[in-house]
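**Student:** I have a structure I would like to understand better, so I am pasting it below and will then ask my questions one at a time.
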Amino acid sequence: MNDKRKKSMFSGPLVADALKASAIKLNPAVMMKNPVMFVVEVGTVIVLLMTLFPGYFDAKDRIGFNLTVFLILLFTVLFANFAEALAEGRGKAQADTLKRTKKEITANKVVNGGGVKTVPSTELRKGDIVVVSQGEMIPGDGEVIEGLASVDESAITGESAPVIKEAGGDFNSVTGGTRVVSDRIKIRITSDPGETFIDRMIALVEGAKRQKTPNEIALNTLLISLTIIFLIVVVTLGPIASYVDVKLEVPVLIALLVCLIPTTIGGLLSAIGIAGMDRVTQFNVLAMSGKAVEAAGDINTMILDKTGTITFGNRMASDIVAVGDARIEETAAWAAIASIRDETPEGRSVLEWMKKNGKTFDAAIGEGGSFVEFKAETRMSGIDLPDGRQVRKGAVDAIRKWVATQGGVVPEDLSKQADRIASEGGTPLAVAVDKQVFGVIYLKDTVKPGMKERFDQLRAMGIKTIMCTGDNPLTAATIAREAGVDDFIAESKPEDKIAVIRREQVDGKLVAMTGDGTNDAPALAQADVGLAMNSGTTAAKEAANMVDLDSDPSKIIEVVAIGKQLLMTRGALTTFSIANDIAKYFAIIPAMFMLAIPQMDALNVMQLGSPLSAILSALVFNAIIIPLLIPLAMKGVAYRPMSASRLLSRNLLVYGLGGIVAPFVGIKLIDMLVHVWI
Ligand SMILES: Nc1ncnc2c1ncn2[C@@H]1O[C@H](COP(=O)(O)OP(=O)(O)OP(=O)(O)O)[C@@H](O)[C@H]1O
Ligand SMILES: [K+]
Ligand SMILES: [Mg+2]
C-alpha cells in the first residue's frame with residue numbers, strides 16, 4: 001500500500017479542506033439530504049432573524065441570549081458538516097492522485113490488416129487490440145491475448161514489485177494506467193472509456209455515487225420519525241403553555257427541539273458510513289458499494305479455499321515413495337517426466353526435489369510429447385509420449401479411476417501410502433503410466449500461522465467457516481482440524497462452491513467467499529460478499545462486489561471484521577445519541593418552566609446556575625458532543641469478537657447508560673463555566 005493512501009484522516013490539509021467544505025455544505029439544497037440537521041438549520045435561521053430584527057419579534061431584551069443561541073446552533077450544523085467532510089476528505093485526496101494517473105495515454109492500436117496506429121487511449125473501445133511494449137503504459141483494461149510481460153501495478157495497488165501477466169489462464173487481466181516494465185504483450189481491450197477499473201475506483205473513493213445502504217435508509221427513517229414527533233411536541237407546547245399563562249419564547253423552544261431531536265447520530269451517520277468504506281479502502285480492498293461492506297458485517301457463513309488461503313499454498317514435493325513392485329528410481333523418474341512441462345508450483349517442485357535428492361531421469365523421453373495441463377476438473381496433469389504411453393500424476397482417486405478405465409489394477413499399498421501422507425496433512429499425488437501405478441509424491445503445505453485464532457474469533461462472532469478443497473477427504477480433514485475450521489468439503493470441483501453457497505442461502509444465511517478464477521465468477525456473483533483477487537481474471541473481478549488489490553484471499557476475514565465494526569459503530573452511536581437526548585430533556589424542560597414561573601425552583605434537580613444558563617449549557621453540550629465523537633465515528637468503536645446478542649447487551653450498557661450519564665456530567669460542567677458570565 002502506498003504512503004499517500006495511509007495518510008491520516010486528521011492531517012492538516014485534510015482538516016483545512018474539511019473546514020471549508022463544512023461551510024459550503026450549509027447550502028440548504030445540500031442540507032435537505034439530512035433532514036435532522038436541516039431542521040436545525042431552519043431553527044438557526046429563525047433565531048438569526050430574531051437576533052437581527054428584534055423589533056419585529058418583541059425580543060429586544062433577549063438579543064444577547066438569542067445571538068448566543070444562534071451561534072451555538074450554527075456550530076451544531078457546522079460540526080455535523082465537518083464530520084461528513086472529514087470522512088470524505090481522504091477519499092477525495094486519493095481520487096485526485098488516481099486522476100493524475102489517468103492522464104491521456106497514447107495507444108498502439110492494431111488495425112485491420114495487421115498494422116499499428118497510434119491513437120489516444122480515450123478512443124479505445126471494447127474489443128480493440130493494442131500492443132504495449134517495455135516502458136509503456138497500458139492504455140485500458142483488458143486481457144493479454146499474446147505474450148508475457150511483467151507489469152508495474154503500483155499506481156492502483158501501491159505494491160511496487162512488478163507482477164507477471166500472460167496470455168491464457170488466470171493471470172491475463174491487465175488494468176489501464178499500469179506500466180509494462182519488461183517484454184511486450186498484445187491486449188484485447190475489455191472496457192469502454194469512462195467504465196474502466198480506474199474510473200470505477202475514482203468514483204468509489206470520492207464517493208461520487210455513494211448511495212445510502214438499506215440499513216442507513218431504515219435508520220434515517222427512524223431519525224426522521226423521531227424528528228417529526230418532537231417537532232409536533234415542541235410546536236404544540238407553546239400554545240398549551242400559554243393556555244396556562246406560561247409564555248415560552250421561540251428561541252427557547254427551538255433550543256428544546258434541537259436538544260431533543262437525534263442530532264448526534266444525525267450529524268455523524270453519513271460520516272460513519274463513509275469512514276467504514278474508507279477503512280476497507282485503506283486495507284487495499286475496493287468495495288463496489290457500501291451495501292457490500294455492510295453485508296460483510298452480517299455474514300453467517302464464510303467459504304474459504306484450502307490451498308493458498310488457509311495454507312501457504314506452496315505445495316512442495318517433500319518425498320516420493322514407490323508402490324507395488326516399482327523401484328523408487330523408476331517412480332521418481334516418471335514423476336519427473338509427468339512434471340517436465342507442468343508450470344504449477346506443484347509440478348516445478350517435483351523437478352526441484354529430483355535435483356536436491358540427486359535423482360536423475362532421461363528428459364529426452366518427453367521430447368515431442370504432448371503436454372496435458374493440470375485442470376481442477378480432471379485433477380491430473382502429465383504428458384502423452386510420442387511412443388503412445390500416457391504418463392500422469394494427480395489426485396489419488398482421479399488416478400485410480402483413470403487406471404481402472406484402462407483395465408489396470410492398483411497396487412495394494414497405494415491406499416496405505418496415500419492415507420499416511422493425507423493423515424499428516426500432506427497431499428498425495430499418485431504417479432501412473434498407462435495401467436501401472438508407480439508411486440506417490442508427497443506434497444507438503446503448511447497452515448498459515450494464526451489461522452486457528454482467527455477462526456476462533458469468527459466462531460465467537462457466530463460465523464461458520466467451511467473449507468473447500470480439491471484435495472482428498474483425509475488431507476482435508478487433517479488441515480481442517482489443524483486450522484480449526486468448522487466444516488470442510490473435499491474433492492470439490494469449482495461448481496461445488498456455488499452449490500454450497502446456495503444451500504446456505506436457502507437456510508437464510510449470508511455467505512462470503514473469495515475467488516480468482518473464471519470458474520469462480522458464478523459463485524462470486526452468487527455470494528453476498530464476493531472478494532475477487534486483483535491478480536485474477538476480469539470475469540472474477542466483475543462478478544465480485546469487492547476486489548483485493550493485494551490478492552490475499554485470507555483478507556476476507558478482516559473485511560468481515562470491518563463490516564461488523566461499521567454496523568457496531570452505527571448501533572453504538574445511535575444508542576448513545578438517543579440516550580443523550582433523553583437526558584438533555586431533564587436539563588432543559590425544568591429550566592424552561594422555571595424561566596416562565598420562577599417559583600418552580602424545585603424542578604432544578606441538577607442545581608444548574610440559572611434557567612438561561614441551563615438551556616445554553618444543554619445546547620452547547622448538544623453541539624460539542626458531535627466533534628467529540630468524530631474520532632470514534634471515523635475509527636470505529638473498539639471491536640472484540642463476540643456473539644451478536646452479547647454485543648448488543650454490552651453496547652446497551654456502555655453506550656446506553658453512558659449516553660444517559662454523559663449529558664448530566666457535561667451539562668453540569670458547562671453550566672458552571674457559563675454561569676460565570678450570565
Ligand atoms: N500440478 C498438478 N498436477 C497434478 N495434480 C495436481 C496438481 N496440482 C494439484 N493436483 C491435484 O488436484 C487436486 C485439486 O487441486 P486444486 O488446485 O483444484 O484444489 P486444491 O488446491 O487442492 O484446493 P483449493 O480449492 O483449496 O485450492 C489436488 O488436491 C491434487 O491432488
Ligand atoms: K439532540
Ligand atoms: Mg488450488
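Backbone N, Cα and C define each Cβ position, glycine as well.
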**Student:** For the ATP site that TrEMBL assigns to Asp342, Glu346, Phe374, Lys375, Ala376, Glu377, Thr378, Arg379, Met380, Ser381, which of Lys355, Lys356, Lys393 is also named?
**Tutor:** Lys393
**Student:** Mean pLDDT over the domain 'P-type ATPase A' (109-206): what is the value?
**Tutor:** 88
**Student:** The transmembrane segment (612-632) and the transmembrane segment (217-240): do they have three or more Cβ pairs under 8 Å, with pairs 6 or more apart in sequence?
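**Tutor:** Counting Cβ pairs under 8 Å, fewer than 3, so no.
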**Student:** Fewest other CB within 10 angstroms, which one of the recorded positions Asp305, Asp516, Asp520?
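**Tutor:** Checked Asp305, Asp516, Asp520; of these recorded positions, fewest Cβ neighbours within 10 Å: Asp305.
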**Student:** Please tell me whether the transmembrane segment (582-600) and the transmembrane segment (63-83) touch - that is, whether there are at least 3 C-beta pairs under 8 Å between them, with each pair 6 or more apart in sequence.
**Tutor:** no
**Student:** Cβ under 8 Å to the transmembrane segment (652-677), counting only same-chain residues 6 or more beyond its ends: which ones?
**Tutor:** 572-573, 575-580, 582-584, 586-587, 606-610, 613-614, 616-618, 620-621, 625
**Student:** Just give the helix, strand and coil counts over the domain 'P-type ATPase A' (109-206), going by DSSP.
**Tutor:** 19 helix, 41 strand, 38 coil
